[in-house]
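Record features, source TrEMBL:
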ACT_SITE  GLU106  active site, proton acceptor
BINDING   SER31, GLY32, SER33, THR34, ASP85, GLY86, ALA87, ASP88, LYS97, GLY98, GLY99, GLY100, LYS124  substrate binding site
COMPBIAS  1-14  compositional bias 'Basic and acidic residues'
REGION    1-20  region 'Disordered'
Amino acid sequence: MNQSEREEAKRRAGESAAAEVEDGTVVGLGSGSTAAHAIRALGREVDGGLDIEGIPTSFQAREIAIDAGIPLTTLDETAVDVAIDGADQFDGADLVKGGGGAHAREKIVDAAADRLLVVADPTKEVDVLDYPVPIEVLPDARTTVADAVRRLGGQPELRRADRKSGPVVSDNGNLILDCDFGAMPDPAGLAADLSALPGVVEHGLFVDFADEVHVGTETDVTVFEP
Ligand SMILES: O=C(CO)[C@H](O)[C@H](O)COP(=O)(O)O
């Protein structure tokens, strides 16, 4: 799948999930390039009269939603009916997220939603998850968490910025360790181990999160419930 075919697949996946959103609902707005297609599609529906409110999962999602004209709200004000979000990898209902460093807020919003619709291109689907797991850490905990990750069999790497000297700083002011565990046959066990580490704000393993997965191709979309 070349880059333009992949982009088309992402667009189809995002638009397919957006088409499921019903009038009068509150929608969690995911992060990344595939979720961005869904947000823009929802914006076009709002132009056409669809009455929804969005809860963005990141600075990026908020910017796109404002540009698309979607009225915004917060988790302090209302519950979430449905969230639409991308993934870096999925094996069915389990996901690795956080390629954009937004997984902490994504997990809060996606977990709060009655239903999570995952949108992806086919390159993200695997039998066993093996994508490096992003872990957002409090800055003071980056060395102790990295040491603990090594003890759990992972290789941590501090995420560095492209257009700034030094590390990527998350939307929440924290650092991100990309942790390569190789194949992860027991994502639930690893997720529990990572959540127990002092200083971990959130990790990118979303175990049993997806209610529905929309996988786009260059010509079509497949929708399934894991
Ligand atoms: O988890 C995410 C951001 O934190 C994204 O959903 C994930 O990285 C997928 O992004 P894309 O749709 O651009 O491939």
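Glycine is treated like the rest: Cβ placed from N, Cα and C.
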Longest inter-residue Cα distance for the substrate binders SER31, GLY32, SER33, THR34, ASP85, GLY86, ALA87, ASP88, LYS97, GLY98, GLY99, GLY100, LYS124, rounded to the nearest angstrom, is 15
In three-state DSSP terms, ASP85 (substrate binding site) is classed as strand
Apart from the site residues SER31, GLY32, SER33, THR34, ASP85, GLY86, ALA87, ASP88, LYS97, GLY98, GLY99, GLY100, LYS124, the 8 Å Cβ neighbourhood of the substrate centroid comprises GLY30, ALA35, ALA102, GLU106, ALA120
Residues in the compositional bias 'Basic and acidic residues' (1-14) per DSSP class, helix first, strand next, coil last, are 12 helix, 0 strand, 2 coil
Among the binding-site residues SER31, SER33, the one whose Cβ has the most other Cβ atoms within 10 Å is SER31
Within 10 A of the CB of GLY99 (substrate binding site), the number of other CB atoms across every chain shown is 19
Cα nearest GLU106 (active site, proton acceptor) among binding-site residues (SER33, LYS97, GLY99, LYS124) -> LYS97
